[in-house]
Amino acid sequence: MPTNFTVVPVEDDSSNNGASAAAASAASAAAEESKPVSFDNIFQEAKSVDSIQELHPGDESQRETTPFLISDDDGQISYDGKNMALFEEEMDSTPMVASLLNKLANYTNLTQGVREHEEAEDGNRRAPVVVQSLNILGVILFLRLTWIVGAAGILGSFAIVSMCCICTLLTAISMSAIATNGVVPAGGSYYMISRSLGPEFGGAVGLCFYLGTTFAGSLYILGTIEILLIYIVPTATVFKDNTEDAKNNNMRVYGTCCLLLMALVVFVGVKYVNKLALVFLSCVILSIMATYAGAIKTLIEPPEFSVCLLGNRSLKNEMFEKCAKVEIIKNRTVPTKLWDIFCDSHYPNATCDEYFTLNNLTEIQAIPGLLSGVIKENLWSNYGPARQVIEKQNQPSVPAPTPKTDKEQNYVFSDIATFFTLLVGIYFPSVTGIMAGSNRSGDLRDAQRSIPVGTILAILTSSFIYISFVVLFGACIEGVVLRDKFGESIKRTPVIGVLAWPSPWVIVIGSFFSCCGAGLQSLTGAPRLLQAIARDGIIPFLQVFGHGKANGEPTWALLLTVGICEIGILIASLDDVAPILSMFFLMCYLFVNLACAVQTLLCTPNWRPRFKFYHWTLSFLGMSLSLSLMFICSWYYALVAVVIAGCIYKYIEYRGAVKEWGDGIRGLSLNAARFALIHLEEAPLHTKNWRPQLLVLCKLDSDLAVKHPRLLSFTSQLKAGKGLTIVCSVLEGTYMTHKEDAKTGEQNLKKAMTAEKMKGFSHVVVSSSLRDGFSIMIQSAGLGGMKHNAVLMAWPAGWKQAQDSSARKNFIETVRETTSAHQALLVAKNIDRFPDNQERLKEGTIDVWWIVHDGGLLMLLPFLLMQHKVWRKCRMRIFTVAQMDDNSIQMKKDLETFLYHLRLDAVVEVVEMVGDISAFTYEKTLMMEQRSQMLKQMQLSRTEREREYNVHNLMQPSKSITVSGMHNVGGSGPVLLAAPLFRPRAFQRTR
């Protein structure tokens, strides 16, 4: 049950002593009950009591010197850096629990310089809605949506919009779940992906997303300049030629100037961008309302805009007013301006263009209205190649060749080829604004509440607007006008502006400010994203971009963003930039969905998002749709984006800093490892899958450094990164006194393994004796099916001269216990003379003395060694021993046949030995012969017997093997001596 207690205050007075100190303390306690406790005196008193206790004889040597369970060494006690709440300054005036709850409730990730950007209380939800709306309802809506409807038709456009909006909505659901599963600092989507999928995926996708956001800024700036030079001030061009190169050069010049101006605004401060955002959003809303009003007005009175057709071909009407060949003025027939355009003179008998002569001119309404039935004509797609004249369907015309003259410039041509996948890539940037709010999560007071509500609200609103506009455009506007990308047939007026009410200038001004606002938002979000990546330190060469102004503004990241954005502007084509950023955003969407799906399927205890309307199937569907849209938009751009992300991933994995964020990929690896270990236990290991799984018994010197580093070199050469390797060592003593030494020794083992480029696990055990420690490791190392089957150790050095017999006794007991555990034993003698990983043996031999029929492991070890580059040029020789009565020639032939079946290349030598082979050798060989007789009794066919015999011989491990010599240790049988003892013939090295 709970216990109530009272803390008595204590005064700090080091000068008080004896009874006066006690009296003063009691008086102070009675007078000032409200004064907080001084914990320093408490600790000092506890320490003094312990010091007094240590003076009594007969006490144990190890005593607690602090009132805490965890103590440091017996020296001076330091509590600095312990993160103990008792030492916080607030404890003098606030209870510990209350202070903790207050900090947790008012936790913020905003810096002092950023807090000034979000002062108003209603800005919590407004910021994501404003930012995302500006990015979603922008350049594509006003400049390309009518053209997409004209090319793809209402049904095709509806499919494009639906796919992109569904993909965006599913991604927003996944993003909302991740965003509400904890505090989201600056970095937004990068932070979500990196903390969910790890630094490698997070850095790769974060950089791709940064590039996408930067190219989005280029897209919006190009849209701004396109509106400026085509619709507002077309005479302000620097290059006056009416060619494609001149247009692109004008875009580059004005785009660069606009980029520098926007960068200056962003540099001055984000709060000015936020203030301008509301103005820009107001212009966008007015433009959308004007479009809806204009569509409704067509029910009463369609706009007075007309299109002039020559036959079924659409004409540019910038150079003429009347759509007629001649006109009657004062009872006289006078040729019109069109006559002068298509004929070589102003007279009636002039030579005119053939198509102009054969076809009549027709003037039709550009906006027939909702009740005109034009929706039937615009229902289906009308794709075509580049430089194709825009023609009206079902319009009578007399075909005639179009000569390659200046007269062809009077027709309206399609500037690029149109097809479904291209239109998907061009349209998708219009729905990439959902990430704009998450990029500025560091500027939000409550990102967990703002991001889900603002993002989903912006997506639903924009999806309704886009779908309704697709239907309204197809139902109100003539098809030839819809396919006229730049409005050349309606006097250089935006097609959506012709539909708007009361004036096309509402759309022109609204779209201009919309593109400006979206460009500013991109230049604001991209540097913050790069700054978040740089501050994480996962990509070393980007760390310089983590610095900025005193208030947190990313100055250096802004400079890099401007430079990359200039690359997009130099492309000078909105249609070419759009698919590039679509790839980067789709890759980001893919991994956001993957992160949510992985976290949901893992069911980790930390996965507790406040947003409940999510499911792993929705995330998986969004991930699949994102991947499909990547290759639908442009398969080669998709491959390039994947290659870029892959290169960044490998770079971070190779050079990046090691980060542990509790990511889902690590959790997925743990689940996969658990499943694999359980699966390995279900069935015994087949001999085909057998390989030496090493337990390396390593010694540490007095400085806790590895005593024989060449033992690790030999292990890496033998394993080549395959299979299980456990490097362990034993310290004598108790764990309470040597726990720090154990940690230091394990770190030194890891460093030595890293230096030798050896993959494996390290462990240091503290035991009362070395023998017990190695015995524990031999018995318990590994987990489940991942256990060692071979023990590698070094031969004890100087054991004959040593007065202490413990070294050889430990060695003998380790050999016996390994044999009892039915594990192979490899003993490396003179290990310090083995080649390291930097040496290359240009020639030499590995000699195998094959005396006991051990099943082939003795021959397998040299084969594994020769797979490493150190031993690759060495040859293997097999020496076998024959008695005087044996047929040496036949034995050599049999052994060569056996090696052939084992697919091993080696030179066979038979050595005749005077005397009998030991009883142990005879017994082991007899066991192999008995097994052969058993296979015959099983009535297997000859082929089956040979296959079973060879597989068993190659993979069956032995308890003791010999290389370069035969030794009998402790009566336990022969052991492997993998040492360069006999340099003239075994392990010869060329220096």
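Any Cβ shown, glycine's included, is placed from N, Cα and C.
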Pick from 1-35, 316-350, 771-805: which stretch is listed in TrEMBL under region 'Disordered'?
1-35
Any contact between the transmembrane segment (219-239) and the transmembrane segment (251-270)? By contact I mean 3+ C-beta pairs closer than 8 Å, pairs at least 6 apart along the chain.
yes
Under a Cβ pair cut-off of under 8 Å, which of the recorded stretches 134-154, 160-184, 251-270, 276-296, 556-574 contacts the transmembrane segment (416-436) most often?
134-154
Please give the average pLDDT for the domain 'SLC12A transporter C-terminal' (817-948) in this predicted model.
76
The transmembrane segment (251-270) touching the transmembrane segment (556-574) per 3+ Cβ pairs under 8 Å rule:
yes
Segment-segment contact (the transmembrane segment (614-638); the transmembrane segment (160-184)) at 3 or more Cβ pairs under 8 Å:
yes
Contact check, the transmembrane segment (160-184) vs the transmembrane segment (276-296), 3+ Cβ pairs under 8 Å, seq sep 6+:
no
Hey, which of 134-154, 251-270, 276-296, 580-602 has the most Cβ-Cβ pairs under 8 Å against the transmembrane segment (456-482)?
134-154
Two-stretch contact, the transmembrane segment (134-154) and the transmembrane segment (276-296), at least three Cβ pairs under 8 Å:
yes
May I ask for the residues of the chain that lie six or more residues beyond the transmembrane segment (251-270) and have a Cβ under 8 Å from a Cβ within it?
117, 217-218, 221-222, 224-226, 228-229, 238, 276, 443, 516, 519-520, 523-524, 527, 553, 555, 558, 562, 565-566, 569-570, 572-573
